[in-house]
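Listed in TrEMBL:
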- 1-70: region 'Disordered' (REGION)
- 58-70: compositional bias 'Polar residues' (COMPBIAS)
- 77-486: domain 'Amino acid transporter transmembrane' (DOMAIN)
- 106-130: transmembrane segment (TRANSMEM)
- 173-192: transmembrane segment (TRANSMEM)
- 225-242: transmembrane segment (TRANSMEM)
- 249-270: transmembrane segment (TRANSMEM)
- 290-309: transmembrane segment (TRANSMEM)
- 321-343: transmembrane segment (TRANSMEM)
- 368-395: transmembrane segment (TRANSMEM)
- 407-424: transmembrane segment (TRANSMEM)
- 430-450: transmembrane segment (TRANSMEM)
- 470-488: transmembrane segment (TRANSMEM)
Amino acid sequence: MAAPAPEPTTGLELKAPASGGLSADPVPPATMSTQRLRNEDYNDYSSTDVSPEESPSEGLNNFSSPGSYQRFGESNSTTWFQTLVHLLKGNIGTGLLGLPLAVKNAGILMGPLSLLVIGIVAVHCMGILVKCAHHFCRRLNKPFVDYGDTVMYGLESSPSSWLRNHAHWGRHLVDFFLIVTQLGFCCVYFVFLADNFKQVIEAANGTTNNCHNNETVILTPTMDSRLYMLTFLPFLVLLVFVRNLRALSIFSLLANITMLVSLVMLYQFIVQNIPDPSRLPLVAPWKTYPLFFGTAIFAFEGIGMVLPLENKMKDPQKFPVILYMGMAIITALYISLGCLGYLQFGANIQGSITLNLPNCWLYQSVKLLYSIGIFFTYALQFYVPAEIIIPFFVSRVPEHCELVVDLFVRTVLVCLTCVLAILIPRLDLVISLVGSVSSSALALIIPPLLEITTYYSEGMSPITIAKDALISILGFVGFVVGTYEALYELIQPSSAPVFINSTSAFV
């Protein structure tokens, strides 16, 4: 709700040339400890030399390591079609399923228009990141720089001496938001799994083979959704103990297939017998719009995948066309599912549209299939923060304790995502909160500022500076207001969460 997997960094001390205003200081100690660890025989972190197609997640695309990618056009390169497929798969996840509720929070007219605008701005920011990365690759004679490297070099090119002296914090800032984003995705997965399995189990006695029955099914109460999250906890802990992504490739393929089949069946249902939309508001109350923003930017947060995908292409000069074509398809998919889902279910739409599907075995299988895909995607999303956090701890213990510390930190991180999901058990609020807090920073706030710091000393037009400043300001406003509104709704909900059976929408 794939992107290429991160690969190991080298064990060399990377230094940037002193020319062009870039500092010649070595890589920060935290990065060096990670590189040292990976340069030794502790290879479980670096056994990720898999092709991009082996990861279906929308978030594994968000991390890459300095010096970890091959030069353009070498072995294991992907064709333009493969790159397009990876781009599409990397943007399909739980965020897509939450867009109908997002459209409700914006209005049937304002929702799709806002999704279009956010999509255009997000793609523009992706293009900015690619342009700045190319600039530093040429300037530093590097085959590849990742998101964190690009921000760090951008700050080193800044005319401000304070920014140049603290440029390494640019990488730390990107890593921080990557960790928050990916662990946030994992929290969303806990809530998604719990909600969907709870609904399937509680409706099992009333589930029939008749998918056109308009009668409301009386749910059989089982246990609280938080207990379902605790039930999934040990299985997800065992899943993340698999540290080699190549070993997860078969599960990645399974996740891709199940999610694709689920989406086809979902579209097949929502396009039938659409009710009269005249009663739906064209523009929703302004108070719910920040929740729309958080969900929308959560869905569009795929900026971390663009540099690794381009580097893997045989012909990277074609990547801009692939990027714009792929994101146009994704934007159309988001708008269509968001609008059709809201039109079909109206005010009864829930945090995930799968929760609105009828209680017949055909559509109950859609919930189960998508949940299976999300379950295995958890490990791929989890790899990103694990790759950043775990080496910090493992590098500080004796060699014979490395494996124990590795597994312990993994267990703690999974438990952390479970606890956070239990504290915020509403799927719509979790998605909106994660999108507002971290996705807005990575997708909207940082890239325009990066363009200014990179090119300001070389001369920029006032219009470009004003454009970049406007995008960052709007992203920051969305960050603040969206986070506040999600937290406020969590603490003092305006209405109780809706846990109705979807077939009541037909009554």
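Backbone N, Cα and C define each Cβ position, glycine as well.
Unlike curated records, TrEMBL annotations are generated automatically.
Outside the transmembrane segment (407-424), and at least 6 residues removed from its termini, the chain residues within Cβ reach (under 8 Å) are 183, 186-188, 190-191, 194, 226, 229-230, 232-233, 236-237, 240-241, 382, 385-386, 389-390, 393-394, 430, 433, 490. The stretch from 249-270, 368-395, 430-450 that makes the most Cβ contacts under 8 Å with the transmembrane segment (290-309) is 430-450. The transmembrane segment (249-270) shares the most Cβ pairs under 8 Å with 368-395, out of the stretches 321-343, 368-395, 430-450. Counting Cβ pairs under 8 Å to the transmembrane segment (321-343), the stretch among 106-130, 225-242, 368-395, 430-450 with the most such contacts is 106-130.
Ranking 173-192, 225-242, 368-395, 430-450, 470-488 by CB pairs under 8 A with the transmembrane segment (106-130) puts 430-450 at the top.
Counted over residue pairs separated by six or more positions, the transmembrane segment (173-192) shares at least 3 Cβ pairs under 8 angstroms with the transmembrane segment (368-395), which defines the two as touching. Recorded stretches compared: 225-242, 430-450, 470-488; the one with the most Cβ pairs under 8 Å to the transmembrane segment (368-395) is 225-242.
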